[in-house]
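S.K.: Below is a structure I'd like to ask you about.
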Amino acid sequence: MYDHFNSPSIDILYDYGPFLKKCEMTGGIGSYSAGTPTPRVAIVGAGISGLVAATELLRAGVKDVVLYESRDRIGGRVWSQVFDQTRPRYIAEMGAMRFPPSATGLFHYLKKFGISTSTTFPDPGVVDTELHYRGKRYHWPAGKKPPELFRRVYEGWQSLLSEGYLLEGGSLVAPLDITAMLKSGRLEEAAIAWQGWLNVFRDCSFYNAIVCIFTGRHPPGGDRWARPEDFELFGSLGIGSGGFLPVFQAGFTEILRMVINGYQSDQRLIPDGISSLAARLADQSFDGKALRDRVCFSRVGRISREAEKIIIQTEAGEQRVFDRVIVTSSNRAMQMIHCLTDSESFLSRDVARAVRETHLTGSSKLFILTRTKFWIKNKLPTTIQSDGLVRGVYCLDYQPDEPEGHGVVLLSYTWEDDAQKMLAMPDKKTRCQVLVDDLAAIHPTFASYLLPVDGDYERYVLHHDWLTDPHSAGAFKLNYPGEDVYSQRLFFQPMTANSPNKDTGLYLAGCSCSFAGGWIEGAVQTALNSACAVLRSTGGQLSKGNPLDCINASYRY
């Protein structure tokens, strides 16, 4: 379940898994020599990034670490919400819910705490799936090719991934071949191949790129796609984890890197909920004090400088002074609440622009706890992908050893424009009933089972809109065309610790400051970058193979 394989990420040509494995055996990411004073460190945000950074700093010998959290819980956008405290096994993953093993930094911590990832996430085509398209239902058996109507776009996309793209006067290496290069350690070849894709498509949206690729002279798979029909079909089918029509305006290279990094393959579900990782991190004890007891549940306002010190001011009026600060809050909070982009006190103009302009998606979810696992008993699809209002429907079995247990149905998972539609229905009962009616128009039998336990909509229907979440103002980073350079600036910001003349003592972290927005791996990677930056800039010694010494900006975005 946890077997490690080499899985460097394409944009950084580095794998955090081996470094973490070595550090686990040697004691930490670094250390301080006897007599070297250790810094006082504030971490803004007690999500996975903040908790990982705190863990590694405390293991390395930093004594004074304070985490600030504006919510009333730890975890941030990692949020396994329980329907009912009397039924704690039934959860709604409001944030991250799919976990690919190629996320080796994340899987290191899952293994460390013995958190099971044995269950496959019910992605389309992995389980029995139904595609609802233009008022008709199409059955897609588990492990088989999709229905004939979708065959051309499916095979075309698969051919692009496995064969690459033939240009006039040249070709681009198959994305899956780039993945193989990464896994086999042929990093220079992988970098050259990825730069080729960047050179051609860095300024193209996902939609513009696939139109160029599949209507040109050399379409992968051999068949040109028809406009607009095949592109509408592809938007509903997606690339492995559901329909991508709502993100057609995202950057093509942003989507392609997910495939190359393996994030769309073998996605796992965590039966105990991903919040169990946040809880296990917080339960660790250092010097007789639990990590969770270092969390101050208070919202940080402005972050400012006074000589060589950094001032944290909470909205309750408290001020505290620190030597180093790691900020893991959302990019919107960095700009509007912490005021980090107001001057060059902490961030260069280039980095400040990246903070301000990086695109965050809107996303909404609605879950129902049903009386039974009706899809199993009645041989109904486990997953539905629809061109209607519901978009993605996923049936989740959190107690497979109990046939008579309840079911959890993610009735609606939407992105961007589709998520914005949900904002017009803030009342969850109304929203739920509208979604059920939408589904009933095509599959009335399935829809008839979508009633919460005991008819209790208040308790057994859970929903969340990330766009209006005051702590996030968006779900996750998803670059628009031309914005990959923003991810580069944000990811490498902690590397200023290598240059004393550029180092301000404040470091950015979180998945929106990575090349893996929306994936916990990005949160883990940037947490480690920032923790290493604290050690390096305050007289600590980093372990060999650390990211500050091994990762370089390798691409022209």
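Backbone N, Cα and C define each Cβ position, glycine as well.
For reference, Swiss-Prot lists these features for the protein:
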| type | residues | note |
| --- | --- | --- |
| BINDING | Ser49, Glu69, Arg71, Arg77, Arg98 | FMN binding site |
| BINDING | Arg98 | substrate binding site |
S.K.: Taking 10 A as the limit, how many CB atoms besides its own sit near the CB of Arg98 (FMN binding site)?
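M.R.: There are 21 such Cβ atoms around Arg98 (FMN binding site).
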S.K.: Using Cβ atoms only, which residues of the same chain lie under 8 Å from Arg77 (FMN binding site) while being at least 6 residues apart in sequence?
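M.R.: Non-local contacts for Arg77 (FMN binding site): Gly47, Gly95, Ala96, Trp466, Ser472, Ala475, Phe476.
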S.K.: Could you tell me which three-state DSSP class Glu69 (FMN binding site) falls into?
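M.R.: Glu69 (FMN binding site) sits in coil per DSSP, no helix or strand.
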S.K.: According to DSSP, collapsed to three classes, what secondary structure does Arg98 (FMN binding site) have?
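M.R.: Arg98 (FMN binding site) sits in coil per DSSP, no helix or strand.
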S.K.: Suppose we draw a 10 Å sphere around the Cβ of Glu69 (FMN binding site). How many other Cβ atoms does it contain, all chains included?
M.R.: 25
